[in-house]
Amino acid sequence: MAVTDSLSRAASTLAAVLLLSFGSVAASHIEDQAEQFFRSGHTNNWAVLVCTSRFWFNYRHVANTLSVYRSVKRLGIPDSHIVLMLADDMACNPRNPKPATVFSHKNMELNVYGDDVEVDYRSYEVTVENFLRVLTGRIPPSTPRSKRLLSDDRSNILIYMTGHGGNGFLKFQDSEEITNIELADAFEQMWQKRRYNELLFIIDTCQGASMYERFYSPNIMALASSQVGEDSLSHQPDPAIGVHLMDRYTFYVLEFLEEINPASQTNMNDLFQVCPKSLCVSTPGHRTDLFQRDPKNVLITDFFGSVRKVEITTETIKLQQDSEIMESSYKEDQMDEELMEPLKYAEQLPVAQIIHQKPKLKDWHPPGGFILGLWALIIMVFFKTYGIKHMKFIF
């Protein structure tokens, strides 16, 4: 009898050890599932790019915004997902020695006002009211689709703003201001209305860090060109145009973005380091406490690129129709019968590099360790209840 009790205790101890080991394995699987859950599950990217300044001497603010616009388009975000707001038309300004151009580099090396620029809000349309309406979706029904931010709860949104500001405010066209409280409340409305998944806010203005101090909504990451009490300085004066071409912070951010491609694994921590005080003169700042993910795990392309990897080309492609594919028999009584085979135009496209989309994560299922742990628990309860002498009835 004593031997049977000893064997029963030993079996119970063994089952308990197995249960703990299997439980730890199950816990590790659950942690992996949780990590996958907190990855950005966005399905689309949007950009709202805003220049709030008028007049020729603010040429650099328009160039800032158009440079960011050029970068996000190059990385795959289409015009249909970009809301571009320019408070003044520098390309057609009478003082512009090169009409229909806006340059961001010295000696007129890079024209950021190309043939395909689509400005959604221009001149006096760029107001605090219109900006807040775009963010919150409170716009008249007659507003065209191109002027709407049609985001949802799976959208990652980049919001870039540049202009003149101060401690807790940003000026719009020297006639009105938006405060950091109004901006924070607008972002909260967006969160409550499920208009974004994650939001990246970048502002290039004097005392820019004051604009994100009042943020309180989740999943927001913010960057600014200067701390409270600091000015954000301009860069690259051009004697031919007579004004500075860009601001320092945006200039170095754009230099950084020029090295990014749609398949890049560069993360947000790298973006935080692009403009040290030795280059910017001001002290750039960032805020990540509201953001759920670690910035080192957030790719630059999660905000600046397209979810669907695309390759942009300016080459004109002439697609040839295959005569064999085009052959199809039409019924006498049906005039619009579909072709027998689809045209395989994709094979003719000059794809330089195929960028594979990450496979979709499988639906959650109980990990293997969980099942093993459950069996160990059943065995331990059996030993406790009946003892080892009943094992012969099982086997």
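For all residues, glycine too, the Cβ spot is worked out from N, Cα and C.
Swiss-Prot lists 28-368 with the feature topological domain 'Lumenal'.
All protein chains included, His164 (active site, proton donor) registers 18 other Cβ atoms within 10 Å of its own Cβ. As annotated by Swiss-Prot, active site, proton donor applies to His164.
Long-range Cβ neighbours of Ser234 (protein binding site) (same chain, at least 6 residues apart, Cβ-Cβ under 8 Å): Arg60, His244, Met246, Asp247, Arg248. According to Swiss-Prot, the protein binding site annotation covers Cys206, Ser232, Ser234.
The active site, nucleophile feature in Swiss-Prot is assigned to Cys206; the stated evidence is similarity to another entry. Taking a C-beta cut-off of under 8 angstroms and a sequence separation of 6 or more, Cys206 (protein binding site) has the following same-chain neighbours: His164, Gly165, Gly166, Ser226, Glu230, Asp231, Ser232.
Under the heading transmembrane segment, Swiss-Prot lists 369-385, citing similarity to another entry as support.
Look at Swiss-Prot and you will find 386-395 tagged as topological domain 'Cytoplasmic'. Regional average pLDDT for the topological domain 'Cytoplasmic' (386-395) in the model is 57.
Neighbouring residues of the recorded protein site, listed in sequence order and excluding Cys206, Ser232, Ser234, comprise Asp204, Thr205, Ser225, Ser226, Asp231, Leu233, Asp247, Arg248, Tyr249, Ser282 (Cβ within 8 Å of the Cβ centroid).
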